[in-house]
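Just below is one structure, and these are the notes that go with it.
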Amino acid sequence: MAKDIEYNETARRKLLEGVNKLANAVKVTLGPKGRNVVIDKKFGAPTITKDGVTVAKEIELEDALENMGAQMVKEVSTKTNDVAGDGTTTATILAQSIINEGLKNVTAGANPMSLKRGIDKAVTAAVESIRKRAVKIENKKDIANVASISANNDDTIGNLIADAMDKVGKDGVITVEEAKSIETTLDVVEGMQFDRGYISPYMVTDAESMVATLSDPYILIYDKKISSMKDLIHILEKVAQAGKPLVIISEEVEGEALATIVVNTLRKTISCVAVKAPGFGDRRKAMLEDIAILTGGQVISEDLGMKLENTTLQMLGRANKVTVDKENTTIIEGKGQTKEIQGRIGQIKKQIEDTTSEYDKEKLQERLAKLAGGVAVIHVGAATEVEMKEKKARVEDALSATRAAVEEGIVPGGGLTLLKAQEAVAALKLEGDEATGAKIIFRSLEEPIRMITNNAGLEGSVIVEHAKTKKGNEGFNALSMVWEDLVSAGVVDPAKVVRSALQNAASIGSMILTTEVTITDKPEKDAPNPMAGMGGGGMGGMGGMM
């Protein structure tokens, strides 16, 4: 296919037009008084959003060169969203400013590579300034503040996320689902839950709710099928003598083994529930090991030379309570050694750091949560489907921002931290075009506060100049429209979000500034229609065939 090749100024100018088209659509959403963007969908109702990355993802431009510029800035918002979960609009605004200011200087004759070096040095200084201002999150109120701001100043969402994190801990899993009602609620599953229910309904202890609840049971963990009764009879007798219930977790329980368990349970000789092991393959082995460590038992594995008929009570796990329904099993307060559980948690954290697969990371995170504290589910409710989708996106944003805040701490929000980072950039001793590169970053750092203020209906330049004279954490609160200590007022951002936004914006900005040639596919001309010249009477001679 033939290609269009553009050079120098022509190439950069077209890229810039694409950058501005995308950024101008995204930046109206910034701040507490940011506006909505309505996105048309081919099917169903339009999407209404104030989430920068959602807007960016929808934009495809007709002109191939402009679209390249837009897609490069889209990469800024998606990368920031992947790393920090929020800050996508801020990243887009910073990128737009860096590219616009940078291209002015390149057109005026500045060396793009020297500009890039200056930009990189300025960003390093600004990031260090952000890190120094960061304060570790100490309490539930700080978490609620971060979550509320990320959810567009929705205190209800902020408090729900703070409650969830308080209950499951910072390593716990918090998931977001659509509710069946208009209420937004929080459900917390304490202990370890996995998605396998009882093998037979005859094992339930409460026929009305169809749930088996066993108090202080022994837990047999076996990695193969159990089908022969002689393998199991020995351990069933020992558990019955101890007067305790038994939970069997194995690949499968079938045949005479299952029949014996059901008959003895119905006769009340022993209270026993059999459950299939969770997961598949290597993940199943790892999850069985997790359960064993949580309950203080051992995985009875023939790979290790162990036999089911030789199992003793000391090899079985223990827990305060186990509840099993048709679909889920929950182990509450396993009696494993704290030291061993912490060791296992450390091992899983190391695996999370080492893995490159997002799927593996997600599954490891789930295992970690089940060992560390539990799982919380936020059910998002709303009056209409359009509102629910918009609200769910805000909750997911807020959740990601909160995790980022727990990781690297919080800084004053409202664009103030980036503005204050100007001092670190100004202190750099650079010369020539490198100094110009640093000035580009210096100017860009005030752009978010300018846009937040513009969206609130005020003159951004006036607020920016006034903010530069303020000391400490005092800044402009665009929600209440007053000057105050932003941290005390709860206007805070996760340091990781602010840092990632700046680094990603500078990365793409530098790439566009140092672009000299663009290559795009030539638009294909429509091929002539071979039937076009035949006219209506072209096949008239066929009339006699009737």
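Just so you know, glycine gets a Cβ as well, placed from its N, Cα and C.
Keep in mind it's a predicted model, so treat the numbers as computed, not measured.
Your range for region 'Disordered', going by Swiss-Prot and the list 297-321, 347-371, 522-546, is 522-546. The number of other CB atoms found within 10 A of the CB of T89 (ATP binding site), across every protein chain shown, is 28. Within 10 Å of the C-beta of D493 (ATP binding site) there are 32 other C-beta atoms, taking all protein chains into account. With a cut-off of 8 Å between CB atoms and residues at least 6 apart in sequence, the same chain places G414, M451, I452, T453, N455, A456, A478 near G31 (ATP binding site), listed in sequence order.
On its own chain, K50 (ATP binding site) has T29, G34, R35, N36, V37, N152, E390, R394 as residues at least 6 apart in sequence with a Cβ closer than 8 Å to its own Cβ.
Minimal Cβ crowding within 10 Å, among the binding-site residues G87, G414, is found at G414. Least packed by the Cβ count within 10 Å, out of the binding-site residues T29, A478, is T29.
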